[in-house]
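Lifted from TrEMBL, the feature list:
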{"type": "BINDING", "residues": "HIS62, HIS64, LYS149, ASP314", "note": "Zn(2+) 1 binding site"}
{"type": "BINDING", "residues": "LYS149, HIS185, HIS241", "note": "Zn(2+) 2 binding site"}
{"type": "DOMAIN", "residues": "53-431", "note": "domain 'Amidohydrolase-related'"}
{"type": "MOD_RES", "residues": "LYS149", "note": "N6-carboxylysine"}
Amino acid sequence: MSKRYDVVIRNGMLICPEGVKKADVAVSDEKIVEIGCELSGDAKETIDAAGKYVFPGATDGHVHFNDPGRTEWETITTGSSALAAGGGVAYFDMPLNCNPCTLDAKNFNAKLAVAQKDSLVDYGFWGGLTPKNLDNLEELAECGVIGFKAFSCFSGIDEFERMDDFTALVGMEKLAKLGLPLMVHCENAEITRDLTTLALANNKTTVRDYFAARPPITEIENVSRMITFAEETGCKLIIAHISTAKAVELVTQARSRGVDVCCETIGHYLILTDDDVERLGTVAKCSPPIRNNGNQTKMWAKLLNGEIAFVSSDHSPCDPKLKDGEFLKVWGGISACQTTLPGLLTHAYHERKVPLEEIARLTAQNVNEIFKIQGKGKIALGYDGDFALVDLDKEFTLQAEDLFYKYQVSPYVGDRFRGTVTQTILRGTTVFKDGKIVSNPIGKHLRPNL
Ligand SMILES: NC(=O)N[C@H]1NC(=O)NC1=O
Ligand SMILES: [Zn+2]
């Protein structure tokens, strides 16, 4: 008897957890219901993926879409569209730089209302942990946050206060009980603050002065301290946007003695170097800063070794006016959520022979597993019909007009990529195709299955 699927993707090379295989994949009621060679049975929609690689749609674990409240920088509409254009089907939005910050249930619900209306793709939310909201962690957990985010140093946003040691201890004890992870932006507060003050006092505001004000030790020292807190409290710890190979080493050592810690890195720490930042200017300013080539080589080795759990974008845009000025003084944050997968195809797969299934793990599977999002992140029976169709050899030069961000700004404009996302499918619905957004907002809220 012939079957009737909602969608069949035929003749593609599927990136499955166990390897790459040529097969068809069928979706009904938003879920993958069959994987096999030349599936019989018709479908309401047939997608010919001959010559294409079919990745699991990516989940970006770390974005700042700034909605509600700072929509002059980015919005959920533009951010989620950009994500889809880069093969993304889901994102976890940070508790800052939206306004109000996501520090209690009321503000969580305000953000949820916007996303329900505007998000093209699926979304989860981070709650914040600051000295001011230790009594609100339980209510945020009930709302369904995927985890909590804290800053060891100044966050750039006055209302989102840094986590002092008391807050770290009490907060991590509470999160251990709630079974939710804490992600920490690890840079030593006093050293970054005082080196920055000193640099400003001496009018040292160039890109190199900025690097000197945030040296590797600020990350390494703080990662080590946060691991100690995690080890003693039993809280699951995720190091945000790790930038130095030495800090990755600390995470690996801690894991090997049983500490529940892992790390995320960001495309730009793998793709750009300090010399690139010097060339590009403030568009490539972020914190922690992008490091040198020697460190980057070691970061790639750690990535290949499985020591980095997932790769996100830390998409942190702003009004371009805030990037206009002396390097040390301007906003730190890079617009990147549209280019993570093409960046990894170019620099990980083509340049360094990182296997495609490893790239799928780093962009989709691991992040969903770590945050206990059920049924998302891989091409397997029963999972959401989420796919990114990729022409692996199709090259393109990124043009500002290609970007779906509120501001068409990226450090990669003018760069050559090899590996083009041609179509993004969310739970069986095509949301992006051939350079265009082709769906209304259909994103739904993702909560951890604890
Ligand atoms: N507040 C904010 O978005 N900060 C981000 N920007 C950046 O470069 N690193 C961050 O953590
Ligand atoms: Zn961030």
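Even glycines carry a Cβ here, placed using N, Cα and C.
You'll find the Cα of HIS185 (Zn(2+) 2 binding site) roughly 11 Å from the Cα of ASP314 (Zn(2+) 1 binding site). It is 12 Å from the Cα atom of LYS149 (Zn(2+) 1 binding site) to that of HIS241 (Zn(2+) 2 binding site).
Mean pLDDT for the domain 'Amidohydrolase-related' (53-431) in the predicted structure: 98. You'll find the Cα of HIS62 (Zn(2+) 1 binding site) roughly 9 Å from the Cα of HIS241 (Zn(2+) 2 binding site). One way to see the shell of the Zn(2+) 1 site is to take the Cβ centroid of HIS62, HIS64, LYS149, ASP314; the remaining same-chain residues with a Cβ within 8 Å of it are VAL63, MET94, TRP126, ALA240, HIS241, SER312, HIS315, SER316. Each residue contributes its Cα atom, and for ASP314 (Zn(2+) 1 binding site) and HIS241 (Zn(2+) 2 binding site) these two points are 7 Å apart. The distance from the Cα of HIS64 (Zn(2+) 1 binding site) to the Cα of HIS241 (Zn(2+) 2 binding site) comes to 13 Å.
Contact annotation for binding-site residues (LYS149, HIS185, ASP314) versus ligand 2: ASP314, each with CB under 6 Å from a ligand atom. Shown in sequence order, HIS62, HIS185, GLU264, THR265, ILE266, TYR269, CYS286, PRO288, SER312, ASP314 are the residues of the chain, 6+ apart in sequence, with a C-beta less than 8 angstroms from the C-beta of HIS241 (Zn(2+) 2 binding site). Listed binding-site residues: HIS62, HIS64, LYS149, HIS185. Those with a CB atom under 6 Å from ligand 1: HIS64, HIS185.
A Cβ within 8 Å of the Cβ centre of LYS149, HIS185, HIS241, the residues given for Zn(2+) 2, is found for these other residues of the same chain: HIS62, MET94, ALA150, PHE151, MET183, VAL184, CYS186, ALA240, ASP314.
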